[in-house]
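K.L.:
Got a structure for you, questions after.
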Amino acid sequence: MQISKCIHGLKSRLTAIIGAQWGDEGKGKLVDILAEKYDFCARFNGGANAGHTIVVGGVKYAFHLLPCGILYQTCMNVIGNGVVVNIPTMFEELAQLDKNKVDYTGRLVISNRAHLVVDGLLEADAKSESDSRKKFLGTTKRGIGPTYSAKALRQGLRVGDLLHWDTFLLKYHALNAKLREQEGIQIDTQKEINTLKEYRDILVNRNMIVDTISLISNARKDGRRILAEGANATMLDIDYGTYPYVTSSSTNVGGVCTGLGIPPSAIETVIGIVKAYTTRVGEGPFPTELTNETGKYLQKTGHEFGATTGRPRRCGWLDIPILRYSIQINGHSSINLTKLDILTGLEEIKIGVNYILNGKVIDYIPAQLEDLAQVDVEYITLKGWKQDISDCKTFSDLPIEAQNYVKKIEELLGIPVSWIGNGPQREKIILKD
């Protein structure tokens, strides 16, 4: 992979935005900021289980499927082949734009190879989570796992199938027959067919179903700039995350290639999005988790509730071992440190710097959850700050204690911090020199 000297993505031809923790790091904000300078913004993985929240002009947008570049009139937005698409959910998000008079005409396309989330698969997800015989994973119940499963079993429905309605219906009924036979799932198929036909006609009339692989390839040949937007994060990756408490797609930089049809050599900059502390939603080990008043403070002050499900996020100190792991996998050019302002007011701030297993410091993330659940964490303690940092415009404007926190993270990770988030609004971000 070619990594450019442009660590912040402002001059790169192709930049990938990757979550470096357990998701909810604030990826959407940087995508929104960079998208103004890019010609294409492309989602490459996941589905409506993602939740990217952007605040613009006092208006809050919660995007689950739409690429965050949709707010810029000069940006073409692509939902890539690696995404699983719930069509009604997408149109609900488009209604947000209609309400706020954001014109997206001709600026949104969906890969004909992307897979469809349909009601039967949504029901399969909910049933799996409620089945007492199976391990509770804490999924979003958005049909993500069953849709990727159907894809792997070669039983899935693709967006391009909508272009051939008669054969789509055959495939649709075959899938639902399998779900009835194997899972005992019964849905109102005619109701869903009527809904999908209505949306299908809109998509076809607007030429929104396209071959996005050739579209992006031609854009690259023409020198257009492309921003690849990731959903979820490295620790939720189907291969590299805390399996089985993970999502069902490739959330790392490799997912950019498989989810958009882009060669690895084309990726110039990889920015890892890192919250200034650590959170995760759902089940699974969480070595730096805080179950005390400090954890409650971070949850309350940081409004740590999922954009997709509303579930409270578990909170803890910054975890350096998982960030080193993310760097190993993704080769981050730099870090966007988000929500630094949430740490304001703490007397002391801890950073987890090493995992200790069986009395020894380890330099890897245990693959088996039994081992990960047993690690002890070695911490260092830094002095906190009291000053409000939300109006800081430059790194030097930050209190010296906040600067020291950022510098210590750079020292521990061996890569620079390029962006620092100091508030939820679009303008509340610092480009670090």
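Quick reminder: no glycine exception, Cβ is built from N, Cα and C everywhere.
Features from TrEMBL:
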- Asp24: active site, proton acceptor (ACT_SITE)
- His52: active site, proton donor (ACT_SITE)
- Lys151: active site (ACT_SITE)
- 23-29, 51-53, Arg313, 339-341, 421-423: GTP binding site (BINDING)
- Asp24, Glu25, Gly26, Lys27, Asn49, Ala50, Gly51, His52, Thr140, Arg154, Asn232, Thr247, Arg311: IMP binding site (BINDING)
- Asp24, Gly51: Mg(2+) binding site (BINDING)
- Ala307, Thr308, Thr309, Gly310, Arg311, Pro312, Arg313: substrate binding site (BINDING)
K.L.:
Given the binding-site residues Gly23, Gly310, Pro312, and counting only Cβ atoms in the protein chains shown, which has the most within 10 Å of its Cβ?
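P.N.:
Selected residue: Gly23.
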K.L.:
Within 10 Å of its Cβ, which one of these recorded positions (Lys151, Arg311) has the largest number of other Cβ atoms?
P.N.:
Lys151
K.L.:
Which recorded positions (Asp24, Gly26, Arg313, Asn422) fall within 10 Å of Gly51 (IMP binding site) by Cα distance?
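P.N.:
For Gly51 (IMP binding site), the recorded positions whose Cα atoms are within 10 Å come to Asp24, Gly26.
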K.L.:
Sorry to bug you, but what's the C-alpha spacing from Asp24 (active site, proton acceptor) to Asn49 (IMP binding site), rounded to the closest Å?
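P.N.:
About 11 Å separate the Cα atoms of these two residues.
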K.L.:
Can you grab the distance from Arg313 (substrate binding site) over to the residue listed as 'active site, proton acceptor'? Cα atoms, rounded to a whole Å.
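P.N.:
Distance between the two Cα atoms comes out at 9 Å.
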K.L.:
Restricting the comparison to the binding-site residues Asn232, Gly310, Arg311, Pro312, which residue's C-alpha is spatially nearest the C-alpha of Lys29 (GTP binding site)?
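P.N.:
If we rank Asn232, Gly310, Arg311, Pro312 by Cα distance to Lys29 (GTP binding site), first place goes to Asn232.
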K.L.:
Which recorded positions from the set Gly23, Asp24, Gly310 come within 10 angstroms of Asn232 (IMP binding site), judged by C-alpha positions?
P.N.:
Gly23, Asp24
K.L.:
How big is the Cα-to-Cα gap, in Å, between Gly26 (GTP binding site) and Lys151 (active site)?
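P.N.:
Answer for this pair: 29 Å between alpha carbons.
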K.L.:
Using Cα-Cα distances with a 10 Å cut-off, which of the recorded positions Asp24, Gly310, Arg311, Pro312, Leu340 are near His52 (active site, proton donor)?
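P.N.:
Cα filter at 10 Å returns Asp24.
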K.L.:
Could you give the Cα-Cα distance between Pro312 (substrate binding site) and Gly23 (GTP binding site), in whole Å?
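P.N.:
Between the Cα atoms of Pro312 (substrate binding site) and Gly23 (GTP binding site), the distance comes to 13 Å.
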